[in-house]
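As recorded in TrEMBL:
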DOMAIN    20-224  domain 'Thiaminase-2/PQQC'
BINDING   55, 97, 149  substrate binding site
ACT_SITE  219  active site, proton donor
């Protein structure tokens with residue numbers, strides 16, 4: 001991960017523990033063949049167009065999930081924290097993100113109104129819906145929110161590292177999620193998650209870890225769509 005991600009004041013953070021414990025799955029989600037093909041400049045652009053259409057559908061489903069996490073933040077964080085402000089910034093960015101998808105779809109000739117969500121996309125969206133339940137703790141929901149955003153940031157930032165060769169027409173895509181500002185936002189989400197986990201019960205921590213793993217599994221399945229998966 002980018003930025004400050006290790007031990008603070010000699011104490012190992014929960015997310016750091018999970019990233020070490022589940023490293024193989026995390027690498028599978030952030031170094032997927034689809035991402036590596038963008039990084040190396042040999043991506044089949046039809047695969048990119050498939051991803052573009054499917055991810056637009058996912059982002060539309062992500063909006064109410066993000067709103068539900070914001071609502072939980074209003075109720076579940078103390079007044080001294082900046083959880084709500086961080087979440088509001090993310091919500092505002094989603095409007096720009098949806099506009100970007102529409103612009104890119106027009107450029108690539110992708111008819112968004114004709115997109116039918118594939119099975120992996122449907123499953124991921126249903127997973128998001130399950131996290132919107134009032135019974136789901138804020139700690140669990142913010143863990144999922146951080147993990148979803150972090151996978152994209154880590155993946156596309158990898159495509160911008162020295163020596164990579166992303167196609168010029170996909171440079172803007174890589175910059176959208178791989179830029180330093182988005183990385184700082186993901187770090188802010190991670191700090192919120194760690195702070196919540198630090199004071200959570202063992203039961204909630206277990207739920208949050210399972211949720212983290214499910215996000216990674218869904219991310220791998222979603223990337224697979226671009227390689228002929230469902």
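Cβ atoms are placed via backbone N, Cα and C, with glycine included.
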Same-chain, non-site residues whose Cβ lies within 8 A of the 55, 97, 149 Cβ center for substrate are 58, 59, 62, 94, 152, 177
Express the predicted model's confidence over the domain 'Thiaminase-2/PQQC' (20-224) as a mean pLDDT, rounded to an integer.
95
The number of other Cβ atoms within 10 Å of the Cβ of residue 149 (substrate binding site), counted over all protein chains shown, is 20
When you tally the Cβ atoms that lie within 10 Å of each candidate's Cβ, which of the recorded positions (97, 219) has the highest tally?
219
Can you tell me how far the Cα of residue 97 (substrate binding site) sits from the Cα of the residue listed as 'active site, proton donor', in Å?
18
May I ask which residues of the same chain, at least 6 positions away in sequence, place their Cβ under 8 angstroms from the Cβ of residue 55 (substrate binding site)?
101, 222
Span of 55, 97, 149 as binders of substrate, largest Cα separation rounded to whole Å, comes out at 13
Distance check, please: Cα of residue 149 (substrate binding site) against Cα of the residue listed as 'active site, proton donor', rounded to an integer number of angstrom.
11
